[in-house]
Amino acid sequence: MHFIIGIVICLSLSVIQSNTSDEGMCMAKEQCTDPEESTTGRSLYSADYNKYFNAIETALAGYVACNSTNCNCHADVLKADLKPFKAHGITKEMINRAKQYGTHYQVIGHKLYRQRECMFPARCSGVEHFVRPLLPLLPDMDLIVNCRDWPQIHRHWSKEKIPVLSFSKTAEYLDIMYPAWAFWEGGPAIALYPTGLGRWDLHRQTITKASADWEAKEPKAFFRGSRTSDERDALVLLSRAQPSLVDAQYTKNQAWKSPQDTLNAEPAREVTLEEHCRYRFLFNFRGVAASFRFKHLFLCRSLVFHVGDEWQEFFYPSLKPWVHYVPVPVRSTPEELEALITFFQEHDQLARAIAERGYEHIWNHLRMADVECYWKKLLKRYGKLIRYTVERDSTLIEV
């Protein structure tokens, strides 16, 4: 596959760089422009196109498929997250300091206990779904599980090592990542999914079934979502200017009060995950933290454009830019987005190859079995770091 893609890249580069004659044509490294050509003309993209070709070629040359055995595709993440505690382990004092940052759980005698009040019951329930089957394998331990959207332990604010489990973080945080509750239940609640997305196992089946053949997909970019941040505005504005290139519109969220909240337009209707599969190019933006939508988009066998690389979930590092998805800088302008989308419209084989690799990776390495495997590895290795005798907290309830 890499050999074939390499041929496509080389042939495409040769077309771009062939304009070297003296008959009014520019040299390869010059900016090829025609005074009568539209400012959005194809020749203005040549520098960007070279950049994209080179990025894809470099990424593929250095790519080594991960080992799917025993969820090892995600092993480096777990190793890095637990590294701060490797030398001296986890002490009772650390747990006491961590309690303010999340929900307190205990595993005692292969039973699970939790503080009575849970800020987000569906999220706690999703966590407990994955922990309960592992109880016969686990030693006694205290766990502080953060079910909020935002990570808690900033590396520059916290001088002490504090073990808090969170589903998502950036490089600025030292939280220990766990597979989110939303693999089972909870997640963003919208009208179409009033109790949250949940049930990754079922979505894997329904979205894949809804995926249209590549040729049948509309060759345009697509996005639906609320205006969580203005990082999404450039794509929406491009859509309004060039609806044949992009269909990107804002939907309502709980804070919506007027069209001003949807960039001075009426909110669009929400669409199911399956409806996304009609389109060849799908954009993913972060929300408050990492996007729950991200993993679902790959199941459409469409090309995923992932905006920003700051926010992570446990499985993100196994996905490689330009190999499995197209990376997009956070503050891209409408013009930059236009160039990127147009490139993949005009280089359909490259787009399809990246889309297929992205689908295969998620399908093969983010099964529910992989999620359960990661939970198992996480809790067993975490348990080995406990350096004190865990005593039952009588204020906790069995769950």
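Cβ atoms are placed via backbone N, Cα and C, with glycine included.
Here's what Swiss-Prot has on this protein:
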ACT_SITE  Asp149  active site, proton donor/acceptor
BINDING   Arg224, Gly225, Ser226, Arg227, Thr228, Arg232, Val271, Thr272, Leu273, Ala289, Ala290, Ser291, Phe292, Arg293  UDP-alpha-D-glucose binding site
DISULFID  Cys66-Cys73  disulfide bond
DISULFID  Cys71-Cys373  disulfide bond
DISULFID  Cys118-Cys124  disulfide bond
DISULFID  Cys277-Cys300  disulfide bond
CARBOHYD  Asn19  N-linked glycosylation site
CARBOHYD  Asn67  N-linked glycosylation site
SIGNAL    1-18  signal peptide
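This view paints the features noted in Swiss-Prot onto the structure.
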| residue | record | Cβ within 10 Å |
| --- | --- | --- |
| Cys66 | disulfide bond | 19 |
| Cys73 | disulfide bond | 22 |
| Cys118 | disulfide bond | 17 |
| Cys124 | disulfide bond | 21 |
| Asp149 | active site, proton donor/acceptor | 14 |
| Arg224 | UDP-alpha-D-glucose binding site | 19 |
| Val271 | UDP-alpha-D-glucose binding site | 15 |
| Leu273 | UDP-alpha-D-glucose binding site | 18 |
| Phe292 | UDP-alpha-D-glucose binding site | 21 |
| Cys300 | disulfide bond | 27 |
*Please tell me which one of the recorded positions listed here (Asp149, Arg224, Leu273, Ala290) sits closest to Asn67 (N-linked glycosylation site), measuring Cα to Cα?*
Ala290
*For the recorded positions Asn67, Ser226, Thr228, which one has the sparsest Cβ surroundings, going by other Cβ atoms within 10 Å?*
Asn67
*Translate the DSSP assignment of Cys277 (disulfide bond) into the three-state scheme.*
helix
*On the Cα atoms of Arg224, Gly225, Ser226, Arg227, Thr228, Arg232, Val271, Thr272, Leu273, Ala289, Ala290, Ser291, Phe292, Arg293, which are listed as binding UDP-alpha-D-glucose, what is the maximum pairwise distance in Å?*
21
_Please identify, from the recorded positions Ala290, Cys373, the residue with the sparsest Cβ neighbourhood, meaning fewest other Cβ atoms within 10 angstroms._
Cys373
*Can you see whether DSSP assigns the residue listed as 'active site, proton donor/acceptor' to helix, strand or coil?*
coil
_Around the C-beta of Cys71 (disulfide bond), how many further C-beta atoms are within 10 angstroms, looking at every protein chain?_
26
